[in-house]
Amino acid sequence: MLRMRTAGWARGWCLGCCLLLPLSLSLAAAKQLLRYRLAEEGPADVRIGNVASDLGIVTGSGEVTFSLESGSEYLKIDNLTGELSTSERRIDREKLPQCQMIFDENECFLDFEVSVIGPSQSWVDLFEGQVIVLDINDNTPTFPSPVLTLTVEENRPVGTLYLLPTATDRDFGRNGIERYELLQEPGGGGSGGESRRAGAADSAPYPGGGGNGASGGGSGGSKRRLDASEGGGGTNPGGRSSVFELQVADTPDGEKQPQLIVKGALDREQRDSYELTLRVRDGGDPPRSSQAILRVLITDVNDNSPRFEKSVYEADLAENSAPGTPILQLRAADLDVGVNGQIEYVFGAATESVRRLLRLDETSGWLSVLHRIDREEVNQLRFTVMARDRGQPPKTDKATVVLNIKDENDNVPSIEIRKIGRIPLKDGVANVAEDVLVDTPIALVQVSDRDQGENGVVTCTVVGDVPFQLKPASDTEGDQNKKKYFLHTSTPLDYEATREFNVVIVAVDSGSPSLSSNNSLIVKVGDTNDNPPMFGQSVVEVYFPENNIPGERVATVLATDADSGKNAEIAYSLDSSVMGIFAIDPDSGDILVNTVLDREQTDRYEFKVNAKDKGIPVLQGSTTVIVQVADKNDNDPKFMQDVFTFYVKENLQPNSPVGMVTVMDADKGRNAEMSLYIEENNNIFSIENDTGTIYSTMSFDREHQTTYTFRVKAVDGGDPPRSATATVSLFVMDENDNAPTVTLPKNISYTLLPPSSNVRTVVATVLATDSDDGINADLNYSIVGGNPFKLFEIDPTSGVVSLVGKLTQKHYGLHRLVVQVNDSGQPSQSTTTLVHVFVNESVSNATAIDSQIARSLHIPLTQDIAGDPSYEISKQRLSIVIGVVAGIMTVILIILIVVMARYCRSKNKNGYEAGKKDHEDFFTPQQHDKSKKPKKDKKNKKSKQPLYSSIVTVEASKPNGQRYDSVNEKLSDSPSMGRYRSVNGGPGSPDLARHYKSSSPLPTVQLHPQSPTAGKKHQAVQDLPPANTFVGAGDNISIGSDHCSEYSCQTNNKYSKQMRLHPYITVFG
């Protein structure tokens, strides 16, 4: 549905369009004519139809496009969809030259041509079409003059008919004149303004002669009349009488002729004129109308009207006839005489073109040529001629004249060369790319001849040896006067061989003599962008120093292009990966650096440089640019740490690695080659330049010095050189090379424990020290022997010996507890000491206790000494004594017991002279000299002597007041006890080495750049120990070790009868 700008005009518009239905919607084997309907005077962008849909072409991919080759003055087409619509210029049917003399609705049309173009113009089809322009009611019918004058003789009989001037309407058909109306003048008497109409339904056949007498009605025609009342208050009793009536007749040429009929008597003496209103109305919707004053003058009698010999005159006229050439003579006769019989000829309802081209002699009726007539402009003239006498009033007759303009071969063929598809063509020059395919249409050639028949039959050809040929644009046989051809390429084009062709096209018609014409087209072969820019090298490598100034040129890359013009103009660009770092001049190819390069951050840049030409399509080439950033000595050497801390074990062999420092230089080459030095070198350490490993030149003694601190300097090889320093702290770690030393109790001392002591009574406290540090000095106490009754236990940490069992009669006597003290080193070192406990109420015989302690020093540690061994025997003897009442038996028994006791005691004394090398039934603990460690040599100045670490030390005074040397005095000569091992002991002699020596060796210490700092003392890496000091308690200190020596028995007469021991006794109770 079309939208009109005004409501009234829209109704006529819509009825005139009915909209835009194509008359041909399919394409059969041959191309058909596309026909559409369109109402005139429509706005822009009114849809007419879809060419693609009507041709059955699928659109949407963009590969097939449409182009309007002709008709673009009023029409336009969408290149992709094929939608045909109106352009900005309005279509006025009445102003179209081809519709001036057209009275058939289907004969007024606009021609157009549409080309359908395949992909890359590989094929082109041309289709013709017509848009039939439908008339709308846009013109108002008008009379020749606003006042029409008609002369009527008085006393004319009723029924006399007079022809009235006709109105003209530029529209036709139903929009043309439909009816005439006669309106009574207001105030003129009669019917007081009443109107009567004579229209299409009121019309009658046009009378043959059209006369104006009583018989003017002619024959065979029915009439509808409109009365005009005579006023003036005459004899008409009603004041009104009918005088005139309007009748409309249909003429042979299809027009409507208004006629005035006399209905009443006319008396000039009573009234000499009448003024009526004649209205004309067309058949449009809404209708248009206009009116004129019809002035009727009553005159004397003119009896007869002129009459033409024919109602229709038809003649042929050759075009281009010279002005003045007679065509035909119109003849009419009038029976009147005198002035009433004199006839003059005038044009009737004729168009302006008729009056411009023809001349009608008013007296003779000769029709002649006024101006040359061109058949190509007007092929037929149809008009009316009026014959009018000179009577008062004059009478008229009308005849139709039809002139057929005959053709002459007066037009040379016309050659029009237009663009087709996407090939540009302007001012007779077509630009064709060299890579077009053979048989590609490059232009549309239309050859036409305005002549008719053989004069308009045209043939066309291409002149000369050019790679082009003409092919018909349509497969159908169309109008021979108008032919269309495609100008195709016949061979490949080569820009390098020929860059321009002058194509001459000649057209010849078939007239006699024939006429010909020619037209030319310059075809310029365009260079195709078929060569990409090329670089001389696929990889360009440059070296550029760091710390540059932004904006410096790094390198220049150049590319060449074998094409020409825009196709050879090159623009350079860089990868987006280095945008901001580098830039390139798009014209010169100079690569510039935008920032300061730092080789230590990025030492190499690799990117692509693209060279693009400016052709269509754009082609490009590329090369890889590698920028190696050259180093400058702008970085100091850098140690991984400002302070390196290492831990090494004491007694490490000289020239052993003690640590490793790591230093780096962000520079490169000689700037990164470094030399390492130890500042303030005291010849204790050296450093390896390549690895940074630090070596010691001596063996470390933790007891001598625990830490070493020095500085390491690194100097690079730059010019000038750069340097850096770091501090190295070396901590000497302790080795478990000292066994625990027991300070209390002494081996010869004992503790008196009353039998009434309660459980958890503290019996004694074992105190020991260790010269080592850390976990090597963590001591653990344990009872390893002499506790068969489980009466005692020792706190493993504090060394406190407590009573844990109830003492009974059988527990009376001496108890020898073997206590072992172990450190926590790896491997562990240990020492063994003796704790003597005498269970009794009091010490009644100190000598006997001293004797028992002395004997216990020679008894193997595997043999328990706990309580009175003769307790059971004494109990039996007591039973015998109780049983024997007799005195003699008692005396005898006592004597025997005393004798046996003395005998046994004497025997035992001889047995305690152990210590001689030839007696191997038992052994005592002996400390072994540690001669392996050089640092302990100063402690071993005395000769090696057996040390009784497994016996009780008893302090006694010599008779002269000096302190008796005990067996344990030998221990002061050696700092630690050796490992226990069996020396040909007798049966039952213990192997203390098997029971008490440590097993696993120290783990291997790996050197690292920095030794880890130990946490707790039981970690794998020990904390640095304090100074290794040995704690002693005078000459009689018992020092034990986990190293066990051979047992040797040396009494040196220390336990002879002449000697009396005065032991220290601790008494509980």
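Here the Cβ of each residue, glycine as well, is placed from N, Cα and C on the backbone.
Copied from Swiss-Prot, the annotated features are:
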{"type": "DOMAIN", "residues": "29-143", "note": "domain 'Cadherin 1'"}
{"type": "TOPO_DOM", "residues": "29-879", "note": "topological domain 'Extracellular'"}
{"type": "CARBOHYD", "residues": "N79", "note": "N-linked glycosylation site"}
{"type": "DOMAIN", "residues": "144-308", "note": "domain 'Cadherin 2'"}
{"type": "REGION", "residues": "182-242", "note": "region 'Disordered'"}
{"type": "COMPBIAS", "residues": "207-221", "note": "compositional bias 'Gly residues'"}
{"type": "DOMAIN", "residues": "309-415", "note": "domain 'Cadherin 3'"}
{"type": "DOMAIN", "residues": "424-535", "note": "domain 'Cadherin 4'"}
{"type": "DOMAIN", "residues": "536-639", "note": "domain 'Cadherin 5'"}
{"type": "DOMAIN", "residues": "640-742", "note": "domain 'Cadherin 6'"}
{"type": "CARBOHYD", "residues": "N689", "note": "N-linked glycosylation site"}
{"type": "DOMAIN", "residues": "745-862", "note": "domain 'Cadherin 7'"}
{"type": "CARBOHYD", "residues": "N747", "note": "N-linked glycosylation site"}
{"type": "CARBOHYD", "residues": "N780", "note": "N-linked glycosylation site"}
{"type": "CARBOHYD", "residues": "N822", "note": "N-linked glycosylation site"}
{"type": "CARBOHYD", "residues": "N840", "note": "N-linked glycosylation site"}
{"type": "CARBOHYD", "residues": "N845", "note": "N-linked glycosylation site"}
{"type": "TRANSMEM", "residues": "880-900", "note": "transmembrane segment"}
{"type": "REGION", "residues": "910-988", "note": "region 'Disordered'"}
{"type": "COMPBIAS", "residues": "930-944", "note": "compositional bias 'Basic residues'"}
## Note on the structure
Integer Å value for the Cα distance linking N840 (N-linked glycosylation site) with N747 (N-linked glycosylation site) is 20
### Task
Would you list, in sequence order, the glycosylation sites among N79, N689, N747, N822, N845 whose CA lies within 10 Å of the CA of N780 (N-linked glycosylation site)?
N822
### Message
Please count the residues of the domain 'Cadherin 3' (309-415) that DSSP assigns to helix (H, G, I), strand (E, B) and coil.
### Response
10 helix, 48 strand, 49 coil
### Query
Tell me, how many other CB atoms lie within 10 A of the CB of N79 (N-linked glycosylation site), whichever protein chain they belong to?
15
### Query
Quick one: DSSP breakdown of the domain 'Cadherin 7' (745-862) into helix, strand and coil?
18 helix, 46 strand, 54 coil
## Note on the structure
Closest by Cα to N845 (N-linked glycosylation site), out of the glycosylation sites N79, N689, N747, N822, is N747
## Note on the structure
Most Cβ neighbours within 10 Å, among the glycosylation sites N689, N780, N822, N845, goes to N822
## Note on the structure
Across 29-143, 309-415, 640-742, the most C-beta pairs under 8 Å with the domain 'Cadherin 4' (424-535) come from 309-415
### Query
What is the one among the glycosylation sites N747, N840 whose Cβ has the most other Cβ atoms less than or equal to 10 Å away?
N747
### Rounded distance in angstrom between the Cα atoms of N822 (N-linked glycosylation site) and N747 (N-linked glycosylation site)
18
## Note on the structure
Cα of N689 (N-linked glycosylation site) to Cα of N79 (N-linked glycosylation site), in Å and rounded, measures 82
### Task
Give me the Cα-Cα distance between N747 (N-linked glycosylation site) and N79 (N-linked glycosylation site), rounded to a whole Å.
124
## Note on the structure
DSSP output for N689 (N-linked glycosylation site) maps to coil
## Note on the structure
Model confidence for the domain 'Cadherin 6' (640-742), as mean pLDDT, reads 89
#### Entry: Secondary structure content, the domain 'Cadherin 5' (536-639) (per DSSP, counts of residues)
7 helix, 49 strand, 48 coil
